[in-house]
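S.K.: Have a look at this one.
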């Protein structure tokens, strides 16, 4: 017997299957996801937990006329398999292959591009309103995880949807029980009643009755309070009802037949509806289900039989080095606290949580709150460290400026995943942090070149009387022997490679690009090209004397950064050279970095080579600029 999955090239093919075949299809989808993630890595647990929801939604609704909007997109692998991408699915997260998240350009079934949390409800509501304005057919459904519900924008969307009263369907994929459901016979009874025509008519009748009841008489007030109190006791959805939603659930998110039946009944409702589905992250794969910390979230390559990683980096990852250094600082100074936004494992702060539970805060997917919470702590003498991925700090930009930098509060920002992140692609590249932080007054911006520099920069930030940020990359460190942390002079870089006499070119590197720069300089030396190398350390303030001095000696400069070129570190150097009059005097400058585009997913090493950020690319750029200057001099 062949696989049912092999017969599905579109949602129309899915709809031809009998409902009783759907459980078998779900198991086939699970196996395909497990085998693919074992080779490519990916968000295994979330996708396994949402298989039945994906199948039921596509079985009931008609994409792309009906719009299915995924929050974050971790749970959308089954969606990709059901929408014409089955044959390419094993290319997911690889160079030239499918993206790990929904992307509008990839398929007409990907209604909205996602990767960051809590956006689906707002986007879905916008699509629904656009359909109303244009008269276009189709329904809109947002699938949201319970974790995303900790983000403020999710509740902003719920609030507006309830106010407008449109026919929006929100499916809450609750896989961590963060919204505690009332289980048992009473809950099951209410779920069935909430999805019945009788209950819907009764609800409208009661609502109409209560709207005509005067508020004054004491007896009527007692009736009102009694009804509301009863609802609060018997339904976990009172919050959503209060926002204007019809609440349905909780339902079993792994009973695909029941999900189909429930979704088909939702069409009877007028106005917004929230379906609360209870699921298990990692469902159907024991190693993921038994991983209490992450349930198989964001795995790299692993052995299918055990769920264990296939290989480990030779050197310790920067994330782990940061976490250990932070724990040391927390041990030394009781004022130091750690804050993260739903990323205890991802940022390494789980180590701090285990050692200092009272001084480590996971605020949920609430980056704005995390930053202003840190600002409040700093006001009272605490030294907060906000550990966050570079791409997610973007969400709290106003708070960085208004609540921290403007008041010159000593908040430390530790930006993980600064630079290229590999398989997670466009939505997760740490491309913009240097550009968006260096323009903020009072803020110090640093980037370490190795593990010791990271330790020094954390130590420096915690001893600085003002806000400071440092960014470090995804992946393994250089494997250097660790030193005791030191306070670095603010705005002082170092000459990492000096040359006798006058250099032909000066390479100014930020962060871990230093090592490729040094390798390029060694290769250039064999060709008779003398290259000095500056480890900038600081993107703001720049070490103006060092950088401008070396530039003036060499008359040719190549800057390197693993960040966006517009407004980035190289642009800061160019501004310095312009202020010093070096550009007018004929200084040649070449800036290497990430182009003015969203860099897609792929292998980090290959992408660096393609962008000219490896040793060969840097050497080519140096030869070219030295050659141009020589030609110009000869002319």
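Any Cβ shown, glycine's included, is placed from N, Cα and C.
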S.K.: For the thiamine diphosphate site that Swiss-Prot describes with 74, 115, 116, 117, 147, 148, 285, 367, which of these is also annotated: 40, 175, 442?
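M.R.: The candidate from 40, 175, 442 that Swiss-Prot ties to thiamine diphosphate along with 74, 115, 116, 117, 147, 148, 285, 367 is 175.
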S.K.: Let me know the most crowded of the binding-site residues, choosing from 74, 116 and counting other Cβ atoms within 10 Å.
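M.R.: Counting every other Cβ within 10 Å of each candidate, the maximum falls on 74.
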S.K.: By a simple count of other Cβ atoms within 10 Å, which of 146, 367, the binding-site residues in the record, is least packed?
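M.R.: Counting other Cβ atoms within 10 Å of each of the binding-site residues 146, 367 gives the minimum at 146.
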S.K.: How big is the gap, in Å, between the Cα of residue 146 (Mg(2+) binding site) and that of residue 175 (thiamine diphosphate binding site), rounded to a whole number?
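M.R.: Here the two Cα atoms lie 7 Å apart.
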S.K.: Taking DSSP as the reference, which of helix, strand or coil describes residue 367 (thiamine diphosphate binding site)?
M.R.: helix
S.K.: Once the chains shown are all counted, how many other Cβ atoms turn up within 10 Å of the Cβ of residue 147 (thiamine diphosphate binding site)?
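M.R.: I get 24 for this one.
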S.K.: Other than its own, how many Cβ atoms are within 10 Å of the Cβ belonging to residue 175 (thiamine diphosphate binding site)?
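M.R.: Within a 10 Å radius of the Cβ of residue 175 (thiamine diphosphate binding site) lie 23 other Cβ atoms.
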